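Down below is the structure, laid out as structure tokens.
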Amino acid sequence: MTPLLTLFLVALIGLPLAQALDCHVCAYNGDNCFNPMRCPAMVAYCMTTRTYYTPTRMKVSKSCVPSCFETVYDGYSKHASTTSCCQYDLCNGAGFAAPATLALAPILLATLWGLL
């Protein structure tokens, strides 16, 4: 019995401890926001969502989420939006993690079309 208990304790000590993910968590009307925060243990992703009200006015939201689905353009809502996800500490702090300018062209066209 003692060798089995010793083996169990050695195996238990060898397990890596789960570390919580650090993400920026904030909501800001403008280009970007930074507010580092330790996420709860069950969180697997840092998420950044940008909602475009007009081609020059947007809202940035950053959060900790347990699951994440990236989108380039969400055409189901009134305003265009993009969502990006990442899985390492403070990975959602980049200045502009959304798709490149060329990829934003359909969003801008849809926004302009909606204004007509």
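Placement of Cβ uses the backbone N, Cα and C atoms for every residue, glycine included.
Since we're looking at a predicted model, the values are computed, not measured.
Taking the Cβ of C23 (disulfide bond) as reference, residues of its chain lying under 8 Å away and at least six apart in sequence are, in sequence order, P36, M37, C39, V43, C46, M47, K62, S63, C64, D89, L90, C91, N92. Marked as disulfide bond by Swiss-Prot: C23-C46 (among others).
For C26-C33 (among others), the entry in Swiss-Prot reads disulfide bond, with the evidence type similarity to another entry. Using a 10 Å radius centred on the Cβ of C26 (disulfide bond) and all shown protein chains, the other Cβ atoms total 17.
Around C64 (disulfide bond), taking its Cβ as the centre, 22 other Cβ atoms fall within 10 Å, counting all chains. Here Swiss-Prot flags C39-C64 (among others) as disulfide bond.
For C68-C85 (among others), the entry in Swiss-Prot reads disulfide bond. For C85 (disulfide bond), other Cβ atoms within 10 Å of its Cβ number 19.
When secondary structure is read from DSSP and collapsed to three states, C91 (disulfide bond) falls in the helix class. Residue density at C91 (disulfide bond): 18 other Cβ atoms are found within 10 A of its Cβ, drawing on all protein chains shown. Taken from Swiss-Prot, the feature disulfide bond applies to C86-C91 (among others), supported by similarity to another entry.
In terms of DSSP helix, strand and coil, the domain 'UPAR/Ly6' (21-105) has 8 helix, 37 strand, 40 coil. Feature annotation from Swiss-Prot assigns domain 'UPAR/Ly6' to 21-105.
Among the features that Swiss-Prot reports, GPI-anchor amidated asparagine is placed at N92, with the record citing sequence analysis. A 10 Å cutoff on Cβ-Cβ distances gives N92 (GPI-anchor amidated asparagine) a total of 26 other Cβ atoms nearby, all chains included.
The signal peptide annotation in Swiss-Prot covers 1-20 and rests on sequence analysis.
Relative to C86 (disulfide bond), the disulfide-bonded residues with Cα atoms inside 10 Å are C68, the candidates having been C26, C33, C68. The local packing around C33 (disulfide bond), expressed as other Cβ atoms within 10 Å of its Cβ over all shown chains, amounts to 18. In the structure shown, the C-beta of C46 has more C-beta neighbours within 10 angstroms than that of any other entry among the disulfide-bonded residues C39, C46, C68. Here the Cβ of C86 (disulfide bond) has 19 other Cβ atoms within 10 Å, regardless of which shown protein chain they belong to.
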